[in-house]
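K.L.:
Here it is, the structure in full.
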Amino acid sequence: MAALPRLVCASSVVLVVWAGFCSAVCVEVPSETEAVQGKDMKLLCISCMKREEVTASTEVEWFYRPEGGKDEPIYKHDKTNHEVPSRFSGRLQWNGSKDMQDVSITVLNVTLNDSGIYTCNITREFEFEIHRPLFTSSRLIHLTVVEEAGEDFTSVISEIMMYILLVFLTLWLLIEMVYCYRKVSKAEEAAQENATDYLAIPSENKENCAVPVEE
């Protein structure tokens, strides 16, 4: 789901691990593939660079392909952002990172007609001393737009477990109350029997029941 968490949070783009000299670690997280009508949808596109590839110029192109149609350019980033005139005009927002390892965009106010295949093309020119090699990569996102968000399976399981736990605790408390009640009742019955037996002893024998006190 677009608004719900998964095993890896889709909203996180670059995970930073602070160790030693605080070096950033890039993780290529897949994008969500289901959006809700009327909500904003972030199309996640991450292409990590190696440590020796830090110095590079990056160009990004986004395409959209409707079902049974052809790829249409919708967005381009080359030092500056360029929104290509399309059905998404005015509804696209750049969400990439400064180091250009995350080159994601967000579709604002998603409609049912926005379902389709989104392609993120990345072209990098690395600046080495001897040569300037080019590196290209692509990410495909098969997006489905639904009218309403369905209930997450994990939340359903959690809710069921919560109710089971409440029922178990209620039964346990009832059992404890019954056990304590019976224990108190038996103690009262035993005390009452001892008092009855004591009253049934003749008065002349009660003096003999007294516990002798040692001097």
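Using the three backbone atoms N, Cα and C, a Cβ is placed for every residue, glycine included.
The following feature annotations were taken from TrEMBL:
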- 5-131: domain 'Ig-like' (DOMAIN)
- 1-24: signal peptide (SIGNAL)
- 160-181: transmembrane segment (TRANSMEM)
K.L.:
Against which stretches of its own chain does the transmembrane segment (160-181) lie, if we need a Cβ under 8 Å and a gap of at least six residues from its ends?
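P.N.:
Distant contacts of the transmembrane segment (160-181): none.
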K.L.:
Across the domain 'Ig-like' (5-131), what does the mean pLDDT come to, as a whole number?
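P.N.:
That stretch averages a pLDDT of 82.
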